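Quick look at what Swiss-Prot lists:
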{"type": "BINDING", "residues": "His63, His92", "note": "heme b binding site"}
{"type": "DOMAIN", "residues": "2-146", "note": "domain 'Globin'"}
{"type": "MOD_RES", "residues": "Lys17", "note": "N6-succinyllysine"}
{"type": "MOD_RES", "residues": "Ser44", "note": "phosphoserine"}
{"type": "MOD_RES", "residues": "Ser50", "note": "phosphoserine"}
{"type": "MOD_RES", "residues": "Lys59", "note": "N6-succinyllysine"}
{"type": "MOD_RES", "residues": "Arg104", "note": "asymmetric dimethylarginine"}
Amino acid sequence: GFLSAEEKGLVNGLWSKVNVDEVGGEALGRLLVVYPWTQRFFQSFGDLSSADAIMSNAKVKAHGKKVLNSFSDGLKNIDDLKGAFAKLSELHCDKLHVDPENFRLLGNVLVCVLAHHFGHEFNPQVQAAFQKVVAGVASALAHKYH
């Protein structure tokens, strides 16, 4: 696999403390605020007119929860991310035509949110391991493009 046993330990150790539902909504919300062009995929979600509107939007929270639960399932198949995300890749890439760059952006936002939630515990080693994971997931989601 692309993660060492030690890195897997760091990732799983932190992930076991993550409130997936809460962090998912926050990460997707921040994506839409920080990178406003990503909003075009969510036009059916209602009010995205301001940062406050986005962060409190129930549909954004619900989809963020879904996104992070999928990510969580992916962590259980860390050595076969392509397999774990094949169906989601097909949906997002072939049907919704999401630019794969957006998966990378969301991964980076997730890293920021985890740093924000965990402070000192999210040390450079943990960050490095998570950065590998989000890059791996992004590339698994994008693989239909290659």
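Start at 1 and count along the chain as shown; that gives each residue its number.
Each Cβ is built from the backbone N, Cα and C atoms, and glycine gets one as well.
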If you draw a 10 Å sphere on the Cβ of Lys59 (N6-succinyllysine), how many other Cβ atoms land inside? 14
For the domain 'Globin' (2-146), what's the model's average pLDDT? 87
Using C-alpha positions only, work out which of the recorded positions Lys17, Ser50, Lys59, His63, Arg104 is nearest to Ser44 (phosphoserine). Lys59
Across all the protein chains here, work out how many other Cβ atoms are within 10 Å of the Cβ of Ser50 (phosphoserine). 10
Roughly how many Å separate the Cα of Ser50 (phosphoserine) from that of Lys59 (N6-succinyllysine), to the nearest whole number? 15
